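Engineer: Following this message is one structure expressed as structure tokens.
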């Protein structure tokens, strides 16, 4: 007998997916864009939504079609290359960068204003924080109950309060856009959404969503795909509504902060202005819940993935990943971002290429011909973008600085599109040769 999810479980799955996506970066970036974009806020918002909502939802759908794992999604590039890509992806959005960052961001926004940002408070906070992350992550079968039915609703309630306040009680009027947004509001919004790295997160979370449905007794592939797609679409709608409210919050906060302020400062100023003395506590609770849920999802997904390739149990890996993330988090937010941005900028393009081209697999004689070369090119030019975003940008040759869209951090895009066209021509030509030789 085919087991189907109840409506309540489907909604909980959607809540869980939304909650897994919304980390501190998702709450901080939109107000920054809104403040700096000024009168061009909705043009910038459109660009932001394409990369911060459209691409991640597309990734969830792509993963659902192959059963939830990035290793399955990457079969056209070969097993070794696929496992290597998946490993790099999981490490980057797991214990090396994204998971530790959830602790440092929640500390600096919620705790540091009270304790100062010295090493000891951060160490104590990270110890408690990752103890909770490990405890929740040890029971993946209960993830839907813990996150979908408890933590996610708390998180959503806090976000709804903030979003409604931003619309009902604007802090002031819209200021004039900065020079960058006056000249290119759409592309700046597009790049800021790209830098949230949610597509990488989606590649990791896909297997978490599928396994959460499996834990409710769903085994049929068709139903697993359907429920995962529904969860992704529900999360996409939630993200869009949240981002639009946060854009409004940022665009109306020009009277509270300088236009160069970061997202945490904008949120803190707005919440203090609107909610008074309790504002700091509300913001701290919001960021803590957002970061904690994201960290749990990342830890579960990474442990599930590495358990397939190393002779360690899932529970042992949860302890290792949680402990390692705690150690890395004590580098502090600024240093962690400085190290992570170039690496993430380099590995993001081939992941985008893989996700987009995965929907075309059935169109080609040999999907490897069409998918592998563009991924390789996107990685090469993504590395150039990564170097440009690092402290070693001076070593880049002058031609690399003059590439189309290089200023926007998207130098990989045009060469990848050209390679896709060439790969399609190659596939058609090689396919015809095979057909003619068969007669």
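Even glycines carry a Cβ here, placed using N, Cα and C.
What Swiss-Prot lists as topological domain 'Cytoplasmic' is 1-9, 67-79, 140-149, 211-226, 299-316, 360-369, 426-439. Residues or ranges marked as transmembrane segment by Swiss-Prot: 10-30, 46-66, 80-100, 119-139, 150-170, 190-210, 227-247, 278-298, 317-337, 339-359, 370-390, 405-425. According to Swiss-Prot, the topological domain 'Periplasmic' annotation covers 31-45, 101-118, 171-189, 248-277, 391-404, on the basis of a curator's inference.
Context for these features, please: burial, neighbours, distances.
Structural biologist: When the topological domain 'Periplasmic' (31-45) is classified with DSSP, helix, strand and coil residues number 15 helix, 0 strand, 0 coil.
When Cβ-Cβ distances below 8 Å are used as the criterion, the transmembrane segment (46-66) is approached by residues 17, 21, 26, 29-30, 33, 72-73, 75, 185-194, 196, 198-199, 201-203, 205-207, 209-210, 224-225, 228-229, 231-233, 235-236, 239-240, 243, 247, 352, 355-356, 358-359 of the same chain, each at least six residues removed from its ends.
Long-range contacts of the topological domain 'Cytoplasmic' (67-79) within the same chain: residues 85-86, 89-90, 203-204, 206-207, 209-211, 221, 224, 228, 305, 308, 354-355, 358, 361, 367-368, 370-372, 375, each at least 6 residues beyond the stretch ends and with a Cβ under 8 Å from a Cβ of the stretch.
Sequence-distant contacts of the topological domain 'Periplasmic' (101-118), counting only residues of its own chain at least 6 positions beyond either end whose CB sits under 8 Å from a CB of the stretch, comprise 23-25, 28, 125-126, 129-130, 264, 267-268, 280, 283-285, 287-288, 290-292, 294-295, 298, 325-326, 329, 331-333, 336-337, 340.
This prediction places the mean pLDDT of the topological domain 'Cytoplasmic' (140-149) at 63.
Long-range neighbours of the transmembrane segment (150-170) within the same chain, counting only residues 6 or more positions beyond its ends whose Cβ lies under 8 Å from a Cβ of the stretch, are 12, 15-16, 18-19, 22, 27, 238, 241-242, 245-246, 248-249, 252, 270-271, 274-275, 282, 285-286, 289-290, 292-293, 296.
With a cut-off of 8 Å between Cβ atoms, the residues of this chain six or more beyond the topological domain 'Periplasmic' (171-189) that come close are 33, 35-41, 43-48, 249, 251-256, 259, 269-270, 273-274, 408.
Within its own chain, the transmembrane segment (190-210) has Cβ neighbours under 8 Å at 13, 16-17, 20-21, 23, 25-26, 29, 32-33, 44, 47-53, 55-57, 59-60, 63-64, 67-70, 73, 89-90, 92-94, 98, 140, 143, 224, 228, 231-232, 294, 297-298, 300-302, 304-305, 341, 344-345, 347-348, 351-352, 355, 408-410, counting only residues six or more beyond its boundaries.
Secondary structure of the topological domain 'Cytoplasmic' (211-226) per DSSP (helix as H, G, I; strand as E, B; remaining residues coil): 10 helix, 0 strand, 6 coil.
Within its own chain, the transmembrane segment (227-247) has Cβ neighbours under 8 Å at 5, 10-11, 13-18, 20-22, 26-27, 30-31, 33-34, 37, 41-42, 44-45, 48-49, 52-54, 56-57, 60-61, 63-64, 68, 156, 159, 162-164, 166-167, 202, 206, 209-210, 213, 218, counting only residues six or more beyond its boundaries.
Packing against the topological domain 'Periplasmic' (248-277) from elsewhere in the chain are residues 27-38, 41, 105, 108-109, 113, 162, 165-167, 169-175, 178, 283: each is 6 or more residues past its ends and has a CB under 8 Å from a CB in it.
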Engineer: Report the DSSP secondary-structure composition of the topological domain 'Periplasmic' (391-404) as helix, strand and coil residue counts.
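Structural biologist: Within the topological domain 'Periplasmic' (391-404) the tally stands at 7 helix, 0 strand, 7 coil.
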Engineer: Under 8 Å for C-beta pairs, could you tell me which stretch among 119-139, 278-298, 370-390, 405-425 has the largest tally with the transmembrane segment (317-337)?
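Structural biologist: Most Cβ pairs under 8 Å with the transmembrane segment (317-337) come from 119-139.
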Engineer: Using a Cβ-Cβ cut-off of under 8 Å, list the residues of the same chain that are 6+ residues beyond the ends of the topological domain 'Periplasmic' (391-404) and lie near it.
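Structural biologist: Tertiary neighbours of the topological domain 'Periplasmic' (391-404) are 338, 381, 384, 411, 413-415.
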Engineer: When each of 10-30, 278-298, 339-359, 370-390, 405-425 is checked against the transmembrane segment (80-100) for Cβ pairs under 8 Å, which one has the most?
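Structural biologist: When the Cβ pairs under 8 Å are tallied, 339-359 comes out ahead.
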